[in-house]
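For reference, TrEMBL has these:
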type     : residues : note
DOMAIN   : 43-184   : domain 'Heparan-alpha-glucosaminide N-acetyltransferase catalytic'
TRANSMEM : 76-102   : transmembrane segment
TRANSMEM : 114-133  : transmembrane segment
TRANSMEM : 153-171  : transmembrane segment
TRANSMEM : 191-213  : transmembrane segment
TRANSMEM : 299-322  : transmembrane segment
TRANSMEM : 329-351  : transmembrane segment
TRANSMEM : 357-381  : transmembrane segment
TRANSMEM : 401-421  : transmembrane segment
TRANSMEM : 445-465  : transmembrane segment
């Protein structure tokens, strides 16, 4: 196992990526007599910390979201804590790409490497989230290839990584950057491409007519909801509601309903759950679409999600071309705050924030928050050098792909559950959680304590691997 990590930049430390003739110095040095002086080989710990924070946040909301629905994904409109995880990942992809492709010796070779990495990441996501692994509390595995889920978290990341990397390789003008005007001239073609993606998304979202459609409801469901073929009446254009939006329509036509996510978040809406915002039995006279599949990482929404990578690219470009740390923080803030405000203005104007659709307002708000958090972490960790409190997150960020696969996708916990005493319920994972629940006299708070211990565990595992210079290579 090598210390080098060679996969899409989102989940990995960028310091070792690429060959020496492609990347001479991934983090630009500052003058030795200036504030925050560094050597060319020094990397930004803040990116690792932010990456580790994102993975830890994913574990928290995935494993404790059932106990605390307020931090779980919003049932449809609105933004909760869980809804920031995917944009954080995509934003970090963009930042890392800008650093990885600072020096490109051969554009064709770089393009081939990007395509190979994107394919590898897509296939890994297909393995982890396609349905083969059944997760915690299921001592089974395997998937019907006729019902495999084609899209997911890593698949979306691979799409954003591919589009942003290709633009970084081919759409950057050869201009020396000495001012903000130079920065705009160097990368304006890239931003036109990003605006084109956004425009394409908006045209389909609001311009595509969604016809009436049908699906096969599960044979076993709650509240006596009729099984068999269910008809969802639409015949509308520009709807952002769960049953009749263009995002779901495109996925059903191209991918097919059996290849979509079968437990969408809108099952937690008031129309579909008596325990909303949590999952629960269907209320009386619930609409026909409540049990229909919908993929939150769909084709059309992934195009808009890729724009978040381009925002990350912009922040990475500032990091590359402006040496003074305070100037970086200032420029980042000047970019993040208008994005955040513009997103809320769009909400006021009638474009709601919706993570499953990845609406423009949602993209702007989450990208703006991403930029502000990077600015804060960078100032604390890399400017003021307060690193001890964040060392666990830094370690997790260095081995984020491993933690995502084993921790966030429940491979490790499901494997531990395979070792039990007489009955599958008597295993170390469930026993530890039950013990904490008993000690705290609360099922919910016991679950939260268990998840916090889980995060600490992965932080220590990452620290051990870091000390051994062991990192994942894909």
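Every residue gets a Cβ built from N, Cα and C, even glycine.
Keep in mind that TrEMBL annotations are predicted by a computer and have not been checked by a curator.
Within the model, the domain 'Heparan-alpha-glucosaminide N-acetyltransferase catalytic' (43-184) shows a mean pLDDT value of 92, rounded to a whole number. Across 191-213, 329-351, 401-421, 445-465, the stretch most heavily in contact with the transmembrane segment (299-322), judged by Cβ pairs under 8 Å, is 191-213.
Just going by CB pairs under 8 A, the stretch in 329-351, 357-381, 401-421 that sits most against the transmembrane segment (191-213) is 357-381.
DSSP labels the residues of the domain 'Heparan-alpha-glucosaminide N-acetyltransferase catalytic' (43-184) in these numbers: 92 helix, 4 strand, 46 coil. Using a Cβ-Cβ cut-off under 8 Å and counting only residues 6 or more beyond its ends in the same chain, the transmembrane segment (401-421) has close neighbours at 5, 7, 11-12, 55, 58-59, 62, 124, 128-129, 133-139, 427-430, 454, 458, 461-462, 465, 472, 474.
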